[in-house]
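Colleague: Dropping a structure here in structure tokens format, bear with me for questions.
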Amino acid sequence: MAPVDPHSYTDGAHSVVSRATLTFYLDFAASTIHASALLTLSAPHSGDLLLDTRALAVHSASTDADTPEPIPFSLAAAADPVLGTALTLTLPPDTTSFRLTFSTSPAASALQWLAPPQTASAQPFVFSQCQSIHARSIFPCHDTPAARITFSLLLNVPEQLSAVASARHVARRDPLPSDHRGACDDELWCAPGRIVEEFQMEQSVPPYLFAFAAGGIGFRDLGPRTRVYAAGGDKVLDEAAREFAGVEEMVKVGEGLFGPYEWERFDLLVLPPSFPYGGMENPRMVFLTPTVIKGDAAGAQVVAHELAHSWTGNLITNKTNEDFWLNEGFTTYAERRIVEVVQGEERAALNMGIGWRRLNRVMERFKDNMEFTKLKPKMAGIDPDDVYSEVPYEKGFQFLWRIEREIGRPAFDEFLKKYIATFKFQSIDTETFLEFLKANVPGIENQIDLHLWVEGTGIPPDAMEPDSATYKKIFSLAAEFKSGKLPSEDEVANWSGQEWELYLENLPTDVEASQVYHRLLSTAECCIACSSQSESLHS
């Protein structure tokens, strides 16, 4: 076996799944999906083929033929705590595609099912979150970013609900008996009160970017290729539309910086509060926490990060989670370039300063295991969710900023556009990036210690603390708190939740509670805004 990814059973010596034709019957009462998948391989294959699964009940495997023949299959007796359970299929000679039927578990790690009392719309709701290695809990696949797929998706849902996905919406229509492809029987699929939502994704994506949601979802148009969706009625939709009114302009800014937007649409879905991230960059349909809606357009910074992923992360993807900085370091850099244009240099500098502080703090978290302060850590046997941190974001940003300072912004901008154009719709590793860097910036390895930045622990000595007047002022005001000096109303008049968050984070740890209470009481409205900005990382 030639593993391509420490977090997948995928064998690099074999063909990989390149297209998935998925049919899902959503059973809200049982918190289960009854499903079929027609999986097409990148090349014909004979003999054993391994797929990733987690807590799936696999019912059948068969050839893709007018008269299907059973395919022998088996699930490993024991599940690996990180990888899940290997599904082994013994394929006939020169197989190019095959069909599986299966059901998800109510405890599927990629799915969250919400009962009507848990939603603002008083309708049931389900959403997926497949990053980093959770697509395998929805359908059998090669769950590695090294194996990009195209897909089609049929979602059979109660007719009072709507569905969205990280794909082009084709139709909303009545179910047909020929639709279900073995996911369930005709009677269940075509039962009264059910509707089918149909989607197609023609551009290849890593499996972790497969996403869908279904519930009492409405929408507001923002621009010719942007729309915001939400569950919760007109009030939530109107607030979201105001918050994200500038999204179309942000897409144009991104195109000016990084090249054409390749995904046709950039839509947003505001999820219920249980969504565990600030945002998730699913192509065509970004998922967002409702806490980004603050009424002051500050949530646009989270959107800027997810938008930046449209070029760095979605268009070019890290080959494994050991190369995660290729997604997040590049995207953090790209996000701040977008913010610089849309909201000004000082706002971008403030974000850089906050990121610098977080990078320094995470060094304390990993002081007993500095492996995870590397840009390319060794992660065999480690669940990526367990070591998720600011390192790939902020150390990755610092590395790219260091290159920009060395060669100058105009040259770096040209390099970045060429990098994106060269590797779009591919998954690459750190070594590929470094070789491309050295080929296109001759002598860069003599000016910057590339090995130290990528393989070294901690923060390299040529990293640089950003210079932000706002950042310095907030630190100064926080330091004065202990002596009893509080910020004046004029000093905080233009603060958003982000400034308040930074201020509160940096108050001396030994201040009296009464001091804090006095200040919070007099600025309650500002601090309520701060509390809404609870996420500490962009996704």
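Cβ atoms here come from the backbone N, Cα and C positions, even for glycine.
TrEMBL labels come from automatic prediction, so no person has curated them.
Dumping what TrEMBL says about this protein:
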type	residues	note
DOMAIN	22-167	domain 'Aminopeptidase N-like N-terminal'
DOMAIN	254-439	domain 'Peptidase M1 membrane alanine aminopeptidase'
BINDING	H305, H309, E328	Zn(2+) binding site
ACT_SITE	E306	active site, proton acceptor
ACT_SITE	Y393	active site, proton donor
Colleague: Could you give me three numbers for the domain 'Aminopeptidase N-like N-terminal' (22-167), the DSSP helix, strand and coil residue counts?
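Modeller: Grouping H, G, I as helix and E, B as strand yields 6 helix, 83 strand, 57 coil.
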Colleague: Measuring Cα to Cα, how many Å separate H305 (Zn(2+) binding site) from the residue listed as 'active site, proton donor'?
Modeller: 11
Colleague: Taking the domain 'Aminopeptidase N-like N-terminal' (22-167) alone, what is its mean pLDDT?
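Modeller: Its mean pLDDT is 97.
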Colleague: What subset of the recorded positions E306, H309, E328 lies within 10 angstroms of Y393 (active site, proton donor), using C-alpha positions?
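Modeller: Close recorded positions: E328.
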Colleague: Taking the Cα atoms as reference points, how far is E328 (Zn(2+) binding site) from the residue listed as 'active site, proton acceptor' in Å?
Modeller: 10
Colleague: Within 10 angstroms of the C-beta of E328 (Zn(2+) binding site), what count of other C-beta atoms is obtained when all protein chains are considered?
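Modeller: Excluding its own Cβ, the number within 10 Å is 27.
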